[in-house]
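Have a look at the structure below before the remarks.
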Amino acid sequence: MRHFHDTIAAIATAIVPQQGSIGIVRLSGAKAVAIAQSLFEAPGKQPWESHRILYGYVRDPQTKERVDEALLLLMLAPRSYTREDVVEFHCHGGLIPVQRVLQLCVAAGARLADPGEFTLRAFLNGRLDLTQAESVAELVAAQSTTAAQIALAGLTGKLARPLQQIRQTCLSLLAEIEARLDFTDELPPLDPAAIAEQIRQLQHQVEAFLATAERGALIRTGLKVAIVGRPNVGKSSLLNAWSRSDRAIVTDLPGTTRDIVESQLVVGGIPIQVLDTAGIRETDNLVEQIGVQRSRQAALSADLILLVIDASQGWTAADQAIYDQLQLKQRRQQAPQSVLVVLNKADLLSETTEVKDIPLPIAPIPTVLLSALSQRGIEQLEDAILHLVQGQGVSAANLDFAINQRQAGLLEQVHQSLNHVLAAIDAQLPLDFWTIDLHAAARALGTLTGEEVTESVLTEIFSRFCIGK
């Protein structure tokens, strides 16, 4: 891990091929203001005070050349993101201006920041706990409004405060028990039943957190949905209708889609990656064969398969063959997935036709009737997908916060340690045995919030951040 007396610099805005309106270069550290003063020319008598914005020019101190017209934002310690002196150059957008300003900052004595180092400094300086720091990364990566709201809840302490209270209760119980070990004759005996009740209450609180883990993972990472079926059943039309775009080429010619086309959607707060695949059939065309093979691989990697059928033709032998292939490969790879049958081209049927009017010679399976051409039934498709997800006990609804995978693993350890404490109490073991697992629970909670954490854990967490955050 780097030394944190250094002054660090990074581009804090996204670097994209398209030019942005503003690009920001951020400095943090003891030399941030001095470096800024060596590079920034502020006309007139503008005061260099905290939380003031200065107008002026960035100059190369060696050549005196003007690099950019910019605004300078000063945030002096401790009233800053990192609780160090922080300076931001607000430059014109585009790659060249911000890169030149960053190079000048480094030449003046700053070093390039590591990924997540600004937030790491905020954590080390006590502005954020570890769950709040993780929430920063989750907010930046959020793919839906729901994911952003959950990340913001973590950032504002909805995770940190109750977890700290659970840890404090563990430490208080430890103090009570260890006092009896040290001063056996001077203190009244403990009430094992009362201690056990407190432990059970802690377990209930931990279980409430653990119950959010699966839903949190779903909201953060989303679902991968593969649209599969034989050629010309309307798979690409379904993708276009669902995404309200023309991502996929649509023609009457079988085999038009030769490669996988992706689209990103949000349904009920859940990010969904939709994969439109090539029509699955036997073919002599080498390029189409590759597309068909990729379709099969995409189906196996998906969380949900939409098997599209031409409702005007009904269930055909080709549809059955595709269904059988999917079932066989899933069994071989032990990767069970949800399958939803989509009866497309309802516009070619009578308006009174319902799903039950179209016989499907397979086990009962969720089925939706729709028309990609007229975009009728898309809402019912989304409802069916949400129903499948919720049927597995996972929903994005009514979720105020959610723990991530790291936090869930540590809380599982806490729950197990508390179980061991209850077992020790029930077995009437000496008090020393109670303290062993209470210490373990408190340590796991400390690792979770950052109150007891190793350098390797911090490195692992913050390496996943973007540079400049």
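Quick reminder: no glycine exception, Cβ is built from N, Cα and C everywhere.
Noted in Swiss-Prot for the protein shown:
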- R26, E88, R127, K469: (6S)-5-formyl-5,6,7,8-tetrahydrofolate binding site (BINDING)
- 222-390: domain 'TrmE-type G' (DOMAIN)
- 232-237, 251-257, 276-279, 344-347: GTP binding site (BINDING)
- N232, T251, L253, T256: K(+) binding site (BINDING)
- S236, T257: Mg(2+) binding site (BINDING)
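Sequence features annotated in Swiss-Prot and their locations in the structure.
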| residue | record | Cβ neighbours (10 Å) |
| --- | --- | --- |
| R26 | (6S)-5-formyl-5,6,7,8-tetrahydrofolate binding site | 25 |
| E88 | (6S)-5-formyl-5,6,7,8-tetrahydrofolate binding site | 23 |
| R127 | (6S)-5-formyl-5,6,7,8-tetrahydrofolate binding site | 17 |
| N232 | GTP binding site | 20 |
| K235 | GTP binding site | 32 |
| S236 | Mg(2+) binding site | 25 |
| K345 | GTP binding site | 22 |
| K469 | (6S)-5-formyl-5,6,7,8-tetrahydrofolate binding site | 21 |
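Note on proximity: of the binding-site residues R26, R127, K469, the one nearest N232 (GTP binding site) is K469, by Cα distance. Across the residues annotated as binding (6S)-5-formyl-5,6,7,8-tetrahydrofolate (R26, E88, R127, K469), the two Cα atoms farthest apart lie 19 Å from each other. For the pair K469 ((6S)-5-formyl-5,6,7,8-tetrahydrofolate binding site) and S236 (Mg(2+) binding site), the C-alpha distance works out to 39 angstrom. Checked against R26 ((6S)-5-formyl-5,6,7,8-tetrahydrofolate binding site), the binding-site residues K235, S236, K345 differ in C-alpha distance, with S236 being the nearest. Rounded to the nearest whole angstrom, the C-alpha distance between E88 ((6S)-5-formyl-5,6,7,8-tetrahydrofolate binding site) and S236 (Mg(2+) binding site) is 46.
Cα of S236 (Mg(2+) binding site) to Cα of K345 (GTP binding site): a span of 12 Å. Taking CA atoms as the reference points, K235 (GTP binding site) and R127 ((6S)-5-formyl-5,6,7,8-tetrahydrofolate binding site) are 50 Å apart. The distance from the Cα of K345 (GTP binding site) to the Cα of R127 ((6S)-5-formyl-5,6,7,8-tetrahydrofolate binding site) comes to 57 Å.
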